[in-house]
């Protein structure tokens, strides 16, 4: 009706029907029970065998409890929008670009205001779809819309006519009390009468980072996916992405090292993007090491580093080095079953030995940018949130 693109999808009430729907859409697909919170029992499945396992182990499907099956947009950038609508006008509080790609639960992904890599054309699509959806739903108050961008095209994943968990972050980032505005709209005020008609345009960069509880969960693998695992959030603000991201990681107690050793063990799908990350880390003076496959790949692209044994090949390996406090950062994105077992042990050891760790390539790219900025001698801005808001107010008066 609105002409807003969304990923192809369907639902199933039996295993046979689920396989038929998935084949029609094409793997990989995102599967979940028909009503879940926090991504509970949500999973990305890559083939028919994986789907059969999910149907048997993860959910009980029936006519009363169907499962939803959607096309999974691989390598897409996920976007969150928080807005207020009074059934006539719509004000966008902020467009948030997720650091992690689509596939990591929105509650577990770091995100940035304003977006750093989305084109003006994509942002215009996001604004257009937000207004169309909010007005068509006759929303009176807050609405949160999740979208994904792939190849310059924006898809709407879901629209929730309610407050979202990002409202406190957005309000602090842009200096506008969205919940208060929405409450006044609900009781009859218009956005125009309240003086809020324009989308805020902050000059500073705000990063939301999550707090993960794995240090309280012995043995749990700290890997991110469609099921939400975080239990809190922190925020970093500065005048560029690098410093804001560094502050956010500092607040999350995942302090990015400016000296020392970095261990790399990356799945094949991520290796193309790894080259630039490795070059930035090496140029920043960090010493790199990794497993044989990663080391050989980077050597072909002019980045040379030390080889460390895989965990299943025996000692000395990276876990031994963490135990001796010889590793300052772990970057690990596993894929195969053996690598997954090794990766799980490495990530768990990083939590246990309190070594900063990264499990997605997008977070590695962000971390490399932050380290590069800090190594250039950039000073962290020490300023209250009120001072950032005052600067925005003064700019808007001009």
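The backbone N, Cα and C atoms fix where each Cβ goes, and this holds for glycine too.
Keep in mind that this is a model prediction, so the values were computed, not measured.
Site annotation for ATP in Swiss-Prot covers 32, 71, 73, 78, 103, 104, 105, 106, 158, and the matching candidate from 87, 116, 146 is 146. Over all protein chains present, the Cβ of residue 146 (ATP binding site) has 19 other Cβ atoms lying within 10 Å. Note: the CA-CA distance between residue 73 (ATP binding site) and residue 158 (Mg(2+) 1 binding site) rounds to 14 Å. The Cβ of residue 32 (ATP binding site) has 20 other Cβ atoms within 10 Å, all protein chains considered. The two recorded residues, residue 32 (ATP binding site) and residue 160 (Mn(2+) 2 binding site), have Cα atoms 17 Å apart.
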